[in-house]
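Summarising the annotation, TrEMBL assigns region 'Disordered' to 51-93. According to TrEMBL, the feature compositional bias 'Polar residues' maps to 76-91. According to TrEMBL, the feature transmembrane segment maps to 224-245, 292-315, 327-349, 383-403, 409-428. Per TrEMBL, the feature domain 'Cation efflux protein transmembrane' maps to 225-435.
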Amino acid sequence: AAYLRCQAAPRPRACHGWKVSMKSGSLSYILPCNRLPVQLMSQVRVYTSNGQKKDLGSEDTNGSARGETLHKAETGQDTTNAGQKQSSPKQPIQVKVKAVLKKREYGPKYTQNNFITGVRAINEFCLKSSDLDQLRKIKRRSPHDDTESFTVYLRSDVEAKSLEVWGSPEALARERKRRKEAEIKYRENLFRNQRLLWEYKEFFGNTKPRSSTAAMFFKGPGKVVMVAICINGLNFFFKLLAWVYTGSASMFSEAIHSLADTCNQALLALGISQSARTPDPSHPYGFTNMRYIASLISGVGIFMMGAGLSWYHGIMGLLHPHPVESLLWAYCILAGSLVSEGATLLVAINEIRRSARAKGLSFYQYVVQSRDPSTNVVLLEDAAAVLSVAVAATCMGLTSLTGNPYYDSVGSLGVGTLLGTVSAFLIYTNTEALLGRSIEPEQLQRLTELLESDPVVRAIHDVKATDMGMSKVRFKAEVDFDGRVVTRSYLEKQDIEQLLQEIQQVKTLEELEAFMLKHGENIVDTLGAEVDRLEKDLKQRNPDVRHVDLEIL
């Protein structure tokens, strides 16, 4: 703050009647007093924000004195009797003036203080790595978990270097266009290049070690799916032979059921292999949802191929019944199918129990929440297969005992209804998973309490925790940070005596601004470090949390 210091000198002035006029802005006043003491400002000094002094002229000071006199006249102060003179004592007047920094206009686009990485500098400004060696290097906190700091460059320095290298903005734009065209051409030839690589691999032989994608099918859900594909493929072949031999509608439904299971589980295997792909710029969160997509398509396939054809064949059997041949071979094949499907079902049950125990969930919760869609599909398909074998065997037995073919057609309709129920459940659970449902309230409460118990956090708002699939959680919250705790955390890492000396050396507004900008930027970096610490704690204490977005409120 600056002080306006003035010194008034008495100057008596006679006034008769209404002859004294005062002006304030655009208004004019006439005072009805005879003699009023008018104080004139002898000198006014204004201290600006840059420490300079400015002297104001007498015209402005006279206006100030008149305004002061007008105020006193209106309030009835300093009135005197006619013919008497009064002298005002000399008193200094102090007016407190607030000194503020001049607002800096940055314009609609300001990039002078922006940092960019070396990769962006090379790609966007068409530079070489040797060109960056001559630029200023700045160490900043790394946004990645595997590194603490990384090197960045000032965007203004990179732009100046690119103009130095290419000569003009037009030449730089032409180079960018040329590189863009080359990238498009490369993408167009990518399929041909991949085909050539495949041909060379076939010619020279593949000596690479087994990939991690192939290893996925020897354990966990991949193993369950591969076992189910082999068993259901064999079941389809033998059931198809039994239907050709007997002409049974129930056996036809069973053959179609096994074919649908084989195709759907092949689709699940494709989903598992695709989900193992590493994230890329087009899919930064990876491809884990491919398992849910494959399971959803599998559910639709079961409904269309399994349930639809079974209903169709059962209805046609009711409308056009025909006698059924010997069912001995059909019973044998159904018995073998029951054993094989039961074995696959046990493999799926054991896998789900193991996974549910690791997650701390019950068997029912693990299945309903669709934590592992591939294993869920195998479990439900094999459970439906075992039940449908029992239904088909019962209806075929009734047909053999009574000679009525309608029982066989009713069995086909029963199998179709069972498959339709399973497909509806798969479609519902996988759709919910793909839409991004919230995690369990108990788990969300634990995450919230972990944040609120930290001293740097005052409150959290708009908390959202979404299950991204395959036990991967994305957590987002608006966090109200305690600025005093953040500042204290910064001060604990500083030399207080040296900081006090810096404060004592501040004499001008320019020095104060430089001091505040220096430590203000460091405090903001400290706040960023606190955010990184909280995100790391959330991930360490909750392994399911893979992505954390803490937004400063």
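Keep in mind that glycine also has a Cβ here, set from the backbone N, Cα and C atoms.
What TrEMBL says about a protein is an automatic prediction, not a curated fact.
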Between the transmembrane segment (409-428) and the transmembrane segment (292-315), are there three or more C-beta pairs closer than 8 Å, counting only pairs 6 or more apart along the chain?
yes
Per Cβ pairs under 8 Å, the stretch of 224-245, 292-315, 383-403 packing most closely against the transmembrane segment (327-349):
224-245
Should anything in the same chain at least six residues away from the transmembrane segment (383-403) have a Cβ under 8 Å from its Cβ atoms, list it; otherwise answer none.
232, 235, 248, 250-251, 253-254, 257-258, 261, 323-324, 327, 330-331, 334, 337-338, 341-342, 345, 410-412, 414-415, 418-419, 421-422
